[in-house]
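Student: Handing you this structure, nothing more for now.
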There are 2 protein chains.
Amino acid sequence: MSTTAPHGFRAAGVAAGLKSTGALDVAVVVNDGPRFDSASVFTANRCKANPVLWSQEVVKDGTVRAVFLNSGGANCYTGPEGFQTTHAVAEAVAGHVGCGAVDVVVCSTGLIGLTNPRDQVLAGATAACEALATDGGQQAAEAIMTTDSLSKTVVVEGAGWSIGGMAKGAGMLAPQLATMLVVLTTDAVVPAADLDAALRAATRVSFDRLDSDGCMSTNDTVTVLASGASGITPSLDDFTAALTQACTDLAMQLLRDAEGAEHDIAVTVLGAASEDDAVEVGRSIARSNLFKAAVFGRDPNWGRVLASVGTTAAAFDPADLDVAMNGVWVCRGSAPSADPAGVDLTGREVTVTVDLKSGAERATVWTNDLTHAYVHENSAYSS
Amino acid sequence: MSTTAPHGFRAAGVAAGLKSTGALDVAVVVNDGPRFDSASVFTANRCKANPVLWSQEVVKDGTVRAVFLNSGGANCYTGPEGFQTTHAVAEAVAGHVGCGAVDVVVCSTGLIGLTNPRDQVLAGATAACEALATDGGQQAAEAIMTTDSLSKTVVVEGAGWSIGGMAKGAGMLAPQLATMLVVLTTDAVVPAADLDAALRAATRVSFDRLDSDGCMSTNDTVTVLASGASGITPSLDDFTAALTQACTDLAMQLLRDAEGAEHDIAVTVLGAASEDDAVEVGRSIARSNLFKAAVFGRDPNWGRVLASVGTTAAAFDPADLDVAMNGVWVCRGSAPSADPAGVDLTGREVTVTVDLKSGAERATVWTNDLTHAYVHENSAYSS
């Protein structure tokens, strides 16, 4: 049910010809109210795509009526022509919905530097708006896929209200302060300021902790829309917990579908002086090509873990670090401990635990292994 | 001729059984004077191997008589036992040379967390010291190879003096303030303080600009030894220029032999507000797996270049960036320009040029592409 699981939403996904395969490539999600609260986070990349430049302005007043999304082209670094296409499609959706263009978020995904044919985009917007339905969430989720092998959706039930969501993303997957394309909906009554606080809390421990390939996208957008159609106002804590559950669920779906990956790796850093230290150390390991290639080869090479830890500014004693892989403490006090031969890396799920012994904070960063298939997919993406 | 090209040096390389293949694995380079000036730089990685912890103390007084090097094990994170092995081998070499152990630099390379058998290491040190010869530089260069496919040596001739050198390194190749294992020798008269200034100037623009795989080693060491045997004192500028030439030559040999690489990529950043900005932007591109996989696939995907630029804090206008690949300006003013189809990426040498249009500074960072062979080599390294 995706984004149309909560009351007060319609969605659609159509094929506008932006993908040469003829697959669904344009989606629209509309909030029918009675409330139109919203919150969004965007990529921290300073090179932002045209839809991000547009949508950053749209969301400032906390009101969003509709989200337009297309795959088949990121509309990034396409010049003034590209920005005009974004503006034109917002106008077109607004005309159908009966709102102003400044209440329409636009998201695009696909190749950077590729100009989306404006006529096709506008025709797609019209077709999607005409197809809007209260059960259109699944088609919308399929229309935003690029190299994704599966559509990603989530529903979390509250007490008389719910959260629905969809996500796309399989590469260029190292969001910071935002991520990929994600639309979340809820029929709970949540004023825009609370929605913003809940969304930032939820993304900070979900999408922001995902680092599949160290590459930050130019188009990452997460938007949450609240219709208030349930008439129920949950506590901010309850709503934040449910939104965090939804975001984490979608983040794990992204992790499992990462391009070419054979392993999902959870890097947990314990004993950190601060949560920031734990995240910095976790991310440094998650970005080590040597470590990631070793996991692909089912090689419990903990030396590469320590070599990554040593590149950070986190508080720790280099002579007193512990490392476990899949629960086997292969390194204690920065010296060999349990035999690495006891670490079985044949399964898809891999855990790495590093104890910095410098405090009580902890964090988990999720990543994937570096595989032949990753190299293959990404060496042939635009050709 | 490697490290024995200048007057006043002997070297040797022997097989001590540390490598299961029976290949050469222990090297010694000795300075016979009359002067014993030296300078060294080490890895910036906070997780340093035992030989680095030892050698950092040895070099502090500017005097080094000999360098012992072994492949077949990095002696990193091997506990107090490992440090004692480093100390013992320094004592052994000192006994043969007739100096104190505190004048013997020790370098090790190979797998992290692997304990080197002390008896084999000591027997190797004795055998190497007994084999020392004024033409032993080539054997020493071969003895320090790990995954290197070729030995790396250099000779630069000055006016009546010369510089010789050897290097090893093919992976975990993203030095900062130091690099890999490199021993340089000269028969010029260069006091230790000048030698230190020259070495830091030379490594800053050579090894420090090499970023093959973004992974910083725990064992990187560069040591230069000056015998003064020529009796000639070059100007510091002349010596620094020659040392920079030697270091750059060795760095390019490392680049060309990087594990699994099919392309050598020179990323040049122009129009930067500062040299630091230029290096930061260059390094961000050099570390983009997506960009590096695209080059492997001969795909001039300049969007991935801009996506990397956007992750930096350098001064630039995201709406006004130019990008060229192999001299073809595929992006001007952050919009598509020349047809990327005109970029021929079939050759080994690839250039990427980014104009930040924010100043007059520039820098070049060298990297390699991300290939199936890189993944293969590094997924099977310790198994």
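Placed from the backbone N, Cα and C atoms, the Cβ positions cover glycine too.
TrEMBL entries are annotated by machine, without manual review.
The substrate binding site annotation in TrEMBL covers B:Thr146, B:Lys168, B:Thr179, B:Glu259, B:Asn378, B:Ser383. If you look up TrEMBL, you'll see B:Thr179 marked as active site, nucleophile.
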Student: Through the lens of DSSP with three states only, how would you label B:Asn378 (substrate binding site)?
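Tutor: Reduced to three states, the DSSP call for B:Asn378 (substrate binding site) is helix.
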Student: Give the sequence-ordered list of residues that share a chain with B:Lys168 (substrate binding site), lie 6 or more positions from it, and have CB atoms under 8 Å from its CB.
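Tutor: For B:Lys168 (substrate binding site), the qualifying residues are B:Ser71, B:Thr109, B:Ala141, B:Ile144, B:Met145, B:Thr146, B:Asp148, B:Ser151, B:Lys152, B:Met180, B:Leu181.
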Student: Out of B:Thr146, B:Asn378, which of these binding-site residues shows the lowest number of other CB atoms within 10 Å of its CB?
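Tutor: Output over binding-site residues B:Thr146, B:Asn378: least Cβ neighbours within 10 Å is B:Thr146.
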Student: Run a quick check on B:Thr146, B:Lys168, B:Glu259, B:Asn378: which of these binding-site residues have any Cβ-Cβ distance to chain A under 8 Å?
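Tutor: Cβ contacts with chain A under 8 Å: B:Asn378.
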Student: Including all protein chains displayed, how many Cβ atoms other than that of B:Glu259 (substrate binding site) lie within 10 Å of its Cβ?
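Tutor: Taking all protein chains shown, B:Glu259 (substrate binding site) has 26 Cβ neighbours within 10 Å.
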